[in-house]
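Listed features, source Swiss-Prot:
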type	residues	note
BINDING	H83, H182	heme b b562 binding site
BINDING	H97, H196	heme b b566 binding site
BINDING	H201	ubiquinone binding site
TRANSMEM	33-53	transmembrane segment
TRANSMEM	77-98	transmembrane segment
TRANSMEM	113-133	transmembrane segment
TRANSMEM	178-198	transmembrane segment
TRANSMEM	226-246	transmembrane segment
TRANSMEM	288-308	transmembrane segment
TRANSMEM	320-340	transmembrane segment
TRANSMEM	347-367	transmembrane segment
Amino acid sequence: MTNTRKSHPLLKILNHSFIDLPTPSNISMWWNFGSLLGICLMLQIMTGLLLAMHYTADTTTAFSSIAHICRDVNYGWIIRHAHANGASMFFICLFIHVGRNLYYGSFTYSKTWNTGIILLLTTMATAFMGYILPWGQMSFWGATVITNLLSAIPYIGTNMVEWIWGGFSVDKATLTRFFALHFILPFVISALAIVHLLFLHETGSNNPSGIPSNSDKIPFHPYYTIKDILGVLLLMTILLTLTLFSPDLLGDPDNYTPTNPLSTPPYIKPEWYFLFAYTILCSVPNKLGGVLALIMSILVLALIPALRMSKQRSMMFQPMSQCLFWALASDLLTLTWIGSQPMEYPLTLIGQTASLPHFSIILILMPLANFIENKLLKW
């Protein structure tokens, strides 16, 4: 008699995706981050649902409803901070996941890669709208500055901004629609994640060596379920440590001040995980140019498969490409640091200098390194 998980119409899908899935035997800990992102998404949906039960999307009561959650709701403080810091853990896993796919050449799975880019953009939009909901000073001014960037679009820009705002400034209509979208988008992300997995399981997973592993595969369960549990425990340890000992470490103190449209904070900045793109935006003196640079700082990922010239898939045996990869990683850290500082000399100059390698490494130096490495290996 066939096992139920192999014959039941619903369990069969789960079985082929998480239990009997043929997986390369040599994948490293860097392959853990896909499952960690799934855990983060579930955690965010659960904590977000509990917060939404007590939150009011109204400009007069939004800030006090957050205070009510932290003070009066049973364990409301831990739910609120787990949700806020959970977003930070989500983006840490997300950036490492993208970096791993870059390093090991998994972007050659174009369908999986492109759905991943859409997932990244959707997650960034969701996180941005979540940052607006506490309705503190940085929420209000962050919403005003970032949405106002659309006004750089010729002809339709101003109309688009007013359409998003639901009026002539960021107000109640803006907060209400951002809350509605912030609530629904995680479910869209869940659907996109299923599509992402569907495309991945069409081709099978890549591995560190970058060569086909069809002759050496093992079932996902129990080997990689056990391995993933270790990653989950480490993630939860870091998240709980952050939430319980230093919940506001990654937040902004200005967001503990209720919104005042008549008082601008000294330096308006988004959450830390957007700072690299924000620095690139601020580094271009022209408004439209800055907006295009901001968009391209993410969309440049979509060009990587087309620019790849290497005959090898993984960077494991490509020292020049490895140096460029780590230069790109350190450049992103520099951009993040500059974004957190007030825009004044010499920080603006460092930001402009660091913005250039972000594009030049991906668009020029990586393909050039691939070409040189091919020649050195006489390919």
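Cβ coordinates are placed from backbone N, Cα and C, and glycine is handled just like the others.
Everything Swiss-Prot records as a feature, shown here on the structure.
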residue: H83; record: heme b b562 binding site; contacts (Cβ under 8 Å, 6+ apart): Q44, T47, G48, L51
residue: H97; record: heme b b566 binding site; contacts (Cβ under 8 Å, 6+ apart): F33, G34, L37
residue: H182; record: heme b b562 binding site; contacts (Cβ under 8 Å, 6+ apart): G48, T126, M129, G130, L133
residue: H196; record: heme b b566 binding site; contacts (Cβ under 8 Å, 6+ apart): T112, T115, G116, L119
residue: H201; record: ubiquinone binding site; contacts (Cβ under 8 Å, 6+ apart): H16, S17, L21
Task: Which of 178-198, 288-308, 320-340 contacts the transmembrane segment (347-367) most, counting Cβ pairs under 8 Å - done: 320-340
Open item on the list: If we skip the immediate neighbours and take only residues 6+ beyond the ends of the transmembrane segment (178-198), which ones have a Cβ under 8 Å from one of its Cβ atoms?
Closed with: 17, 37-38, 41, 44-45, 48, 52, 55, 57, 112, 115-116, 118-119, 122-123, 125-126, 129-130, 132-133, 143
TODO: Grab the same-chain neighbours of the transmembrane segment (113-133) for me: Cβ-Cβ under 8 Å, and only residues 6 or more beyond its ends, written as numbers and ranges.
DONE: 55, 57, 62, 66, 87, 90-91, 94, 98, 101, 106-107, 139-140, 142-143, 146, 174-175, 178-179, 181-182, 185-186, 188-189, 192-193, 195-196, 199, 270-271, 273-274, 298-299, 301-302, 304-305
TODO: Rank 33-53, 77-98, 288-308 by Cβ pairs under 8 Å to the transmembrane segment (226-246) and hand me the top one.
DONE: 77-98
Open item on the list: Given a Cβ distance threshold of under 8 angstroms, which distant residues of the chain, six or more beyond its ends, lie next to the transmembrane segment (33-53)?
Closed with: 69, 79-80, 82-83, 86-87, 89-90, 93-94, 96-97, 100, 182-183, 186-187, 189-190, 193, 228, 231-232, 235
